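Annotated features, as they stand in TrEMBL:
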type     : residues  : note
TRANSMEM : B:27-44   : transmembrane segment
TRANSMEM : B:56-76   : transmembrane segment
TRANSMEM : B:106-126 : transmembrane segment
TRANSMEM : B:133-156 : transmembrane segment
TRANSMEM : B:176-198 : transmembrane segment
TRANSMEM : B:227-246 : transmembrane segment
TRANSMEM : B:252-271 : transmembrane segment
TRANSMEM : B:283-302 : transmembrane segment
TRANSMEM : B:308-324 : transmembrane segment
Amino acid sequence: MNTNLAHVDSVAQPLLELHDIRKRFGGTVALAGVTLSVAPGEVHGLIGENGAGKSTLIKVLCGIVKPDSGAITLAGEAYAPHTPRDAKARGLQVVHQEFNLLPFLSVAENIFIEHLPRNALGVVKRRDMNTRARTALDAIGLKDIDVRWPVERLGIAHRQLVEVARALMTESRVLILDEPTATLTSRETERLFAIIDDLRRRGVSIIFVSHHLDEVFKLCDRVTVLRNGETVTSRRIGETTQDELVRAMVGQQLQKEMTHSIGSSARSETVLSLVNFRHAQSPHEDGISFDLHKGEILGIAGLVGSGRTELLRAIFAAEPPLSGTLMRDGKPAALRSPRDAIRAGIGFVTEDRKEEGLILSMPIAANVTMASLADVSRAGLLDQRAENALTEKLGADLKLKYGGPGKNAATLSGGNQQKVVLAKWLARKPEILLLDEPTRGVDVGAKAEIYALIRRLAERGLALLVVSSELPELMTLCDRIMVMSQHRIVGSLPRAEFSEEKILTYAYQGEKRQTGH
Amino acid sequence: MQLDENLPTATATAAPAVSMKLLLRDAGIGIALVLLILFFALTTDHFLSPNNISNILTQITINLILAIGMTFVILIGGIDLSVGSMLAFCAVVGGSVLTIPDLSVFQAVSLATLAAVGTGALCGFLNGWISAFWGLPSFIVTLGMLNIARGAALQVTDARTIYSFPPSFNAFGSQMIYGVPVVFLIALALVAIAWFVLSKTVFGRLLYGIGNNEEAVRLAGHSLMTYKIAAFTIAGVLVGIAAMVYMARLNIASPIIGIGFELNAIAAVIIGGTSLSGGRGSVIGTLLGACIIGVLANGLILFGLSDFMRQLITGVVIILAVIIDKYRERITAA
């Protein structure tokens, strides 16, 4: 990183240059003018909030998504790849966030999957392949794994490094790493950084997408911030600070007015309390601890992958928790299945309506009563009239716009589908409601109605735990916001102290704060 | 990144209610059946003779009873390949009880029914429990049961055929009411019960739910295992009943009967419009599907085609039914 000066000069002749890239998906603007230039041998950080446009930009660069307008040049020539293969031929490689390895093939086969070395008969030259794979792994310091092992045998971190090795097999001029450290431990991260340093010395340009600002500062020469699909700023790393970048990511948005009057600050009784609560995916022994009070709307903020959804699923016992205590109304409760959780008065509006929340091809009434069939049946016989009556009553409560209780849930718009999911849980009269991204894919009007509903429920004494990636949403709704990072709660803010900046600072620096303890 | 590229775009449209759709679906199969009957009535001499109709109904009965059970299993997204072998196993167990000396006919028949149905229920329970508890595909588990039940049937009987049942039991098997075989009426009654269970009870609702979206049903607090086991057990009970009907009609119980019956039962369910991936379909459709297979079998022979051609054409119909189902799915989804 003592080569910063050289890079300043070389930016004048960028290897990769993007000018005003725009892309819409239907009514959603994904990219609204991204401008970016990367010098040869430069490590360029790309940062932005969830949904700022980073993934779409990567898809544009590797030929998966075609931009609507804008120009890209690579080494001075126009660059418009139609497929990832095109991109590769031009020397641009991406190591994706999701793994693209074939688990039952060997490490060597995975590395060479695109060009398996073959003899004249088309038989794979296994020994040759294995030797070359060995060299490739040695080159990135992966000496401890055998290239004949199936990828299945490797841990997630090693798989990530194998992906890097595969990307390096083809001569690349530009290598894009999409959140490569998300699954790595600090030692493996160090190893990856050493590899990146080496590549930089060989003149390869690297675009490094990360949620971790400290990594960006450690590794990158320059950094570009995206917000709402637009380039906000590109800075030399030595000329900026973490605080400045966080402000750039958040923007100078007006603080939302605090229209919501908070109930008395004297807390009412605790309805749910976690003590050192752990689930299968939580890496920390001390787990998670917090209290949820009657009538409280408690928000959970955090980056994608910080463990918010997993926490909700564990509370609801969708996956059985590992250890720790869950207290319901002050008494320890052993919840082993969603059925137990529901009996304990907990409801769960899942993140994914289509996969987990609704049965789209079944009638609205059947969806509404799915969790409370005992209330609309006698001796196992469904009472259609009771079922429709309940659906109509809740439908009216929630201002559901629908053709009738007998229509399929698939006929509804996103917002109304979400109301059906809410109705399903309200039919059970829960005391605690867990909401995961309650307004995702919901139009503005329905969003406001769902907010109003959530507040009304809190006033009636329900305790609500809300996970959302939209900070303004949490700041409008919640009495208190907890920030999660890497499966820990790294901060908790009362309403008076809400600000996007504070929340993001916690979210991005969670790792650092924790190690500082 | 949370770009909402897959925002749902569907808004409230004037789609017909589901029950209406189901009705239309069954109506379509019904029309196909009527056309088929018309065709054979016009092209052959004896197709509509009372004798031939009783014949067809008798021939349909066993397959229909097996197909009712198969409907439950396919509705939850499973499959049961073992019903043919189970039929043989249930029959030899029931047949052994039936031929115990010194029992009154009533005692013998009731005990035999209990034994046959109990055997079927046990095999079905095992199918369901093993696949649900270990999360195995029912295709494989019931493939295992296919061999287990056949082997057990051969072992129990030492590969011998059991016969000489009480004459009145046999007479019952060929009893007619106004030309309609009593055994077919039993099958119809079972269809009615199955229809009621599937469309009017909480149990039936959840079977459809599981076939459509298992995870949503689980997260709504229902135990998937209970319902999966129940569906397979019901299929087993129906195999037991089918075994009793078989013995009443043919007056024998042999360990080698029922080979390939599972395929006919699956064919009836699929032709009847039940989706192989689960969650959609009805037992009324299954009834119509079984009738189509029976009418085809009988009509094609009367038409003068060989049994080989009959088999060939039945195969074509099965594939056609699945293709039509694919289109129906698209229309329902739209």
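Note that Cβ sites are derived from N, Cα and C of the backbone, with glycine treated the same way.
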Proximity verdict for the transmembrane segment (B:27-44) and the transmembrane segment (B:283-302), three or more C-beta pairs under 8 Å:
yes
What stretch, picked from B:106-126, B:176-198, B:308-324, has the most CB pairs under 8 A with the transmembrane segment (B:56-76)?
B:176-198
So, do the transmembrane segment (B:252-271) and the transmembrane segment (B:133-156) meet, by the test of 3 or more Cβ pairs under 8 Å (sequence gap 6 or more)?
yes
State the residues, same chain only, that lie 6 or more residues beyond the ends of the transmembrane segment (B:227-246) and have a CB under 8 A from a CB inside it; answer 'none' if no residue qualifies.
61-62, 65-66, 68-70, 72-73, 75-76, 78, 80, 83, 86-88, 90-91, 94, 112-113, 116-125, 127-129, 131-132, 138, 173, 183, 186-187, 190, 203, 206-207, 210, 253, 257-258
